[in-house]
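Going by Swiss-Prot, these are the annotated features:
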ACT_SITE  K79  active site, charge relay system
ACT_SITE  S154  active site, charge relay system
ACT_SITE  S178  active site, acyl-ester intermediate
Amino acid sequence: MTDLHRLSIRELAEGLSQAKFSSRELTEHYLKRIAKIDPQVKSYVTVTPEQALREADAADAALKAGNATALTGIPLAHKDIFCTKGIKTTAGSKMLDNFISPYDATVVEKTKAAGLVTLGKVNMDEFAMGSTSESSYVGATSNPWALDHVPGGSSGGSAAAVAADLAPFATGTDTGGSIRQPASFCGLTGLKPTYGRVSRFGIIAYASSLDQAGPMARSAEDCAYLMNVIAGHDAKDSTSVKKELDDYVANLNNTSVKGLRIGIPKQYFNVAGLDADVKARVEESLKKLEEMGAALVEIDLNMTEAYVPTYYLIAPAEASSNLSRYDGVRYGYRCENPADLMDLYKRSRSEGFGPEVQRRILIGTYALSAGYYDAYYVKAQKVRRLIQQDFLKAFENVDVIAAPAAPTTAYKIGASLDPVEMYLGDIYTIAVNLAGLPAINAPVGFDKDNLPVGLQLIGNYWSESQLLSIVHQYQQNTDWHTKRAAIAEENA
């Protein structure tokens, strides 16, 4: 079959279980596509054909023996922030250019245990700090919808790989929108789960109180399949929560859109810089949900103006602490011929980290320094609590909150956005991480340049099933999630 890449996860699982094709055939199909198409997209940083085919053969044996899981034999790509035993894990940084992890992240461990086949590792912004995937040490990834545009970030490689049909689904991480914004830019569905729902063990840390892993795929149904594998408590992650798990696939039709109260924050739709096409597509998608029986309720989120300053104190402060371990001594990049220990520290860090990472370390170190700790970091944590309370108050009257995932569609690679402009572009996503809430992006159309637009739905704690179900039903009534970029239509 030449069009295996057009099948949904459910169709792939059915095809494998009914022996219409083997995992080896499916894996070879994707490896051929990667070899042909990825030189243009540049989504993969490491492709692992030998390991992938070994895992595919093991999956075929399990399928034959009748001891397969629901997803045995289906390939996927991992963001290069997840530690993978025996495979390079760089986090997009020169600092970790030659780092090979001695163990698997829990998410990777779980995908392997479920019989999924690892195609390779995909590109990202350096240490997940960025919204474009341009800050990666290996270079920028292209958006499959327009190769001279960014795919978003930091999980831009994950989004580009799925959008170009170079993987059926992929893992991502989200610290301030890094699943939802690239999903929006590339026309995909992407879920950021509640903080603590998916283990962070083996994820290279950026901001430990904000980082969360999640699935990126074409549809809510595809995301639900991957969530069934990766969600759950992990004793190796102290922030992982012991809470009963949902069957996300079985629950896809469990939330009725009829009678659903969707909160529309006034402040979100009056943000300076909100693109007219983005606003129009999001409003059209809300009209569709209203036609399906939902009620649109105007709400106030009065802390909106505090999102960006609060996030850009807390996230860099945690990054400054987490990245202090890279010193040129134990592992990671080490400068050549240091004059003394201080020279080793200084040069290893200044040569190993890119400008955006250095900028955030600098901001964070300043915010944590003795004279400014109370004025900046402690105050930001207090405001963070107010942001969380703002959401909880809203959820007393609505079931979910709607917003764009980003104020614009994808912009050109190299567009001279200054860092502050870039940070302001995160306005719709960062508060979700500050509050630890779940949120999902769904594709809802295109702008005048045929670039995808995304709708973000924010849920209350532990409502991943509800979010997936709402988007699944929306996708039963629309076809935006089935649209493909021209490059994805190419056959290998």
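First residue shown is number 1, and so on along the chain.
Any Cβ shown, glycine's included, is placed from N, Cα and C.
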Lowest local Cβ density among S154, S178, which the record lists as active-site residues, within 10 Å: S154
Chain-internal residues near K79 (active site, charge relay system), provided their CB is under 8 angstroms and they sit 6+ positions away: K121, V122, M124, S155, G157, S158, A170, T171, G172, T173
C-alpha spacing of the residue listed as 'active site, acyl-ester intermediate' relative to S154 (active site, charge relay system), in angstrom: 5
